[in-house]
Amino acid sequence: MAAGAAEAGEAAVAVVEVGSAQQFEELLRLKTKSLLVVHFWAPWAPQCVQMNDVMAELAKEHPHVSFVKLEAEAVPEVSEKYEISSVPTFLFFKNSQKVDRLDGAHAPELTKKVQRHVSSGAFPPSTNEHLKEDLSLRLKKLTHAAPCMLFMKGTPQEPRCGFSKQMVEILHKHNIQFSSFDIFSDEEVRQGLKTYSNWPTYPQLYVSGELIGGLDIIKELEASEELDTICPKAPKLEERLKVLTNKASVMLFMKGNKQEAKCGFSKQILEILNSTGVEYETFDILEDEEVRQGLKTFSNWPTYPQLYVRGDLVGGLDIVKELKDNGELLPILKGEN
């Protein structure tokens, strides 16, 4: 009994509750050396209560990470500052800067994000020479993380300097497919990359791990029409939709995901699919407006959810219900019909 009480006490302390904007800002200042994960929650939402339990478990696994819960409606100034429009929402901070965000009750995704940020910022204690070697290997991996990598201040959605914003605009204008790294999220990378590539400023653009240059060089390449030949193009929407509809044998395009449907029709179709025992994957159309609108034309089907088997449209909820009632759904899902 005493041991159980002690364990409960440890779990309770592991997640800190913040009740004011001042307390939150103070916590950001104090926790600059560690990852800070903040859960914007509401006591009336059962999914938030569940995610608090998930946070408590993660806190046990990651004692060096600071986990915080903040009641969104009780501290509106913080919620408004970070554009919290629904609960649960999780924000990730490093060096007092927001580096990531997760909307919704997605326990596996929360766990993945925590693990990723912990590993990206952690270096084993070692000698200076080993640290330099480790950093060099890490920078090599980062510059090769995608065919085209942009190291910038902020993110493509929220650039935090004019040069980074201009760079993103040029890449988007030329339909260039790229991934990005926010140098504000990692001071070691920010300083190390300057030496690694012998380039003192940001943003920096890499293709196949090789430095192309900063904004001025990219502007020159754009003017000479060389940029399109150097950087990889993003796939056209139709090609992207073909890939998405064939991503799994059974693909459901819906509002929300398996864990949390965000409309009644999507919830009903999930229940039907779950009852079949057939494996399937989902795509949340609320997270990608281009896919949401494009798929309507691509398949000539104006509403959601939409179910695909091996890339072919089966239909929406009404058709899936009919197929189930006729005993035809399972053979179709298994590719037998």
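The backbone N, Cα and C atoms fix where each Cβ goes, glycine too.
Under the heading [2Fe-2S] cluster binding site, Swiss-Prot lists CYS161, CYS263, citing similarity to another entry as support. The domain 'Thioredoxin' annotation in Swiss-Prot covers 2-119. The domain 'Glutaredoxin 1' feature in Swiss-Prot is assigned to 144-238. Summarising the annotation, Swiss-Prot assigns domain 'Glutaredoxin 2' to 239-337 and lists sequence analysis as the type of evidence. Annotation comment: Swiss-Prot describes ALA2 as N-acetylalanine. Annotation comment: Swiss-Prot describes SER119 as phosphoserine.
The local packing around CYS263 ([2Fe-2S] cluster binding site), expressed as other Cβ atoms within 10 Å of its Cβ over all shown chains, amounts to 14. Restricting the average to the domain 'Thioredoxin' (2-119) gives a pLDDT of 84.
Each residue contributes its Cα atom, and for CYS263 ([2Fe-2S] cluster binding site) and SER119 (phosphoserine) these two points are 36 Å apart.
All protein chains included, SER119 (phosphoserine) registers 8 other Cβ atoms within 10 Å of its own Cβ.
Long-range neighbours of CYS161 ([2Fe-2S] cluster binding site) (same chain, six or more residues apart, CB within less than 8 Å of its CB): MET152, LYS153, GLY154, TYR202.
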